[in-house]
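Participant: Following this message is one structure expressed as C-alpha cells.
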Amino acid sequence: MTLELRHVTKSVAGETHIFETDLVLEEGSFNVLLGTTLSGKTTLLQLMAGLDRPSRGEIWFRGQNVTGMAVQKRNVSMVYQQFINYPHLTVYENIASPLKVAGMDRAEIERRVGAVAELLRLKPMLGRKPAELSGGQQQRTAIARALVKDSDLVLLDEPLANLDYKLREELRDELPRLFAGRSCIVVYATTEPTEALLFGGNTATLHEGRITQFGPTGTIYRQPKDLISAQVFSDPPLNVAQVTKQGSRIHLAGGIGFDLGTAAVTLPDGPYTWAIRAHHITPESHPGQPTLDGRVLLAELTGSDSVIHFHLDGGTWISQSHGVHPFDVGAEARLYVDVARSFLFGADGRLMGGSE
Amino acid sequence: MRKRSLIPIIYIVFLMLPIYWLVAMSFKTTNEILGGFSLFPQDFTLENYAKIFTDSTWYSGYINSLIYVVTNTILSVAVALPAAYAFSRYRFLGDKHLFFWLLTNRMAPAAVFALPFLQLYSAVGLFDTHIAVALAHTLFNVPLAVWILEGFMSGVPKELDETAYVDGYSFPRFFVRIFIPTIAAGIGVACFFCFMFSWVEMLLAKTLTSVDAKPIVATMTRTASTSGYELGLLAAAGTLTIIPGAFVIYFVRNYIAKGFALGRV
C-alpha cells in the first residue's frame, strides 16, 4: 500500500511549478517535504491530495490510478499553516464534520470525536467556537479533524509555522505520537531542517520544483547527494567555498589550505566545491584542528547557541556553537574547523567525498 | 472636556432637527402646521397615523413598497452570491474588467433607464407590477451586492474551501453549509444596502407603476389632495418611511463600516 507519483509535472500558465517527479511513499511512513518558500511544497501536497491535477503524469494509490479522482472520493486529510476551521461551528462540530458528511451514525461520531479530542487535549473546548480558542488550540482542532476520519493520507502544510515558539515545540513533540500506530501515510511540509531532523522518518529535499533527494532523514542529512540538497537541509546556511584539491589538501582563496586526510587522496585533483555546516566551525579550541581567522560581522545568541557570522577573504562564513561565546563586532576571531565533517562536491554539484 | 463635547452636540442637534421636526409635525393638525411656529404639538393628535393605517390608498403604498423591496433584495443577493464567488475564487479572461464594468452600472443616474424600462416593461406586460420595480432595481443592486460580497468572500482563505472538499463536502453542500454561514455578516450588509437603495429609490418605482404597485414614495409626494394640503398626514407618512430603514440598520450595525468599504477592511 503506497502512494506513488509517476512522472508527475505541474505547470500553470506556461510556468513549471513541479518538474517531473517520481516518488514512492510507503504505508505508515512519516515523510518530510523540506524546502524553502516557493519551492513547490504546497503544490506537491495539493497534487497528492487531489485538489489539483498534474499537468502530466499519474498518481497511484494502493495500486489504483487516482489521477483524476475527486478529492472527496479519496480518503485524505489536510492541515494548513493558517488555522483553518469552520468559524460558525463549535469545536465538536468541526471535528465531527468529516464523519457527518460521510453519514456515520451519531453514537460512533460521538465516540470518535471524544477519543481524538482526548488525544489532542481539546475535551474542555468542545463547546466553543474556533474564534474563542488560542492559536495552538485552533490548530489542534484542525489536526483533530484530520485525524478523526482515519485517512489513508494525512498532509500537513507547515502546520506549526504560525504558532509561537512555545506552542510549536509542544505540538512538535506531540505530532509523532499522534501518528504512532496508524497505518496512514503522513506528509509533512516544512521550511525548517530542524523539524525534519526531529521527526526522523523520510525526507525529500525540494528545490525550485524538483525533489533533489529522497530517503531516510539521517542519510539525507549525513550524505546529501548534491550541493543543493545539502543547502536545503542546512540551517544556518551551509558554508561553501570554491577550492582546488591537490593530493589530500584543498586550497581556498587567500592561501588557506586544509588537509582532508586520506579519504580525499583517491579523488582526482582539480577544482571542487567544498562545504561545511556551520556547527562544524566553532570558537572552541580543538587541538589538531585547522583554524580560520576572520573578522566578526555579527554575533547572535539563539537560545543556548551562538551564531557568529564572520568575514574572510571576501566571503561570509557562519559558525554555530553550543554555549555563549561573546564576540565584539569587528573583532578578530579564531575558529576551529572540523574538516573531517566537511563535504566535497564536484563541478556538477554531486557529492564526491566527505560526510557528516 | 466640555469644549470637546460641544461640537459633536451641535452637530447631532443639527442632524436630528429635521427628523424631530418631521415627527413633531406628524402629531400636529394641518391647521396648526400652517398656523405658525410651534416647537411642540399644541394640539396633539394621532389622527394622521390613524388615517394611514385605515385608508387603503395609504397603507397599500407601504405594502407595495415592501413587496418589491424584499423581492429585489432576495433576487439581488441570490444572483450576486455565485457571481461574487466566481470573482473571488477564479481567474478568467477579463475578470478584472468585468468586475469593474459591473460597478460602472451604478454610475448612470436612474433617470437614464426610466424611459427604456417603461417602454420595455409596458411591451411585455410587466408595467405596474411589483416584479417590474424589483427587476429594475437589480440593475443597481446586483453590482453593489457583488462588490460587497466579493470583498467579504476574499477575506475567507481558499484553504477553507479546500478543507471542506478534503472533508468530503461536495461543492453545493460546502457552499450552503459552510461558506454562506461563514460570510453571513457580508450577506447581511449586502441585504441592507440592497434594501436601502430599493426603499429610497423613487424615480424608477414611480415611473414603472400606476395603481396596483404604487409605492409609498409616490403616494407621499402627492402633496395636495381634494381636501387641500394635508401636511400632518404627509409628515406621518414620512415618519413611517424612516422606520424600516432604522429597523434594518439595527441588525447590521456592527458590520456596516466594513460594508461601506465593500468588505475590504
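One is the number of the first residue shown, and numbering goes on along the chain from there.
Glycine residues also receive a Cβ, built from the backbone N, Cα and C atoms like all the rest.
Quick paste from TrEMBL:
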TRANSMEM  B:7-27  transmembrane segment
DOMAIN    B:62-252  domain 'ABC transmembrane type-1'
TRANSMEM  B:66-87  transmembrane segment
TRANSMEM  B:99-118  transmembrane segment
TRANSMEM  B:130-153  transmembrane segment
TRANSMEM  B:174-200  transmembrane segment
TRANSMEM  B:231-252  transmembrane segment
Participant: Restricting to CB pairs under 8 Å, which listed stretch, B:7-27, B:99-118, B:174-200, is in contact most with the transmembrane segment (B:66-87)?
Facilitator: B:174-200
Participant: What residues in the same chain, six or more past the boundaries of the transmembrane segment (B:99-118), come closer than 8 Å to it by Cβ-Cβ distance?
Facilitator: 87, 127, 132, 136, 139-140, 142-144, 146-147, 150, 201, 203-204, 207-208
Participant: Report, as numbers and ranges, every residue of the chain located at least six residues beyond the transmembrane segment (B:231-252) whose Cβ falls under 8 Å of a Cβ in that stretch; write 'none' if there are none.
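Facilitator: Long-range Cβ neighbours of the transmembrane segment (B:231-252): 19, 22-23, 25-30, 32-34, 45, 47-49, 51-52, 58, 61-62, 66, 185, 188-189, 191-192, 195-196, 199-200, 216-217, 219-220, 223, 259.
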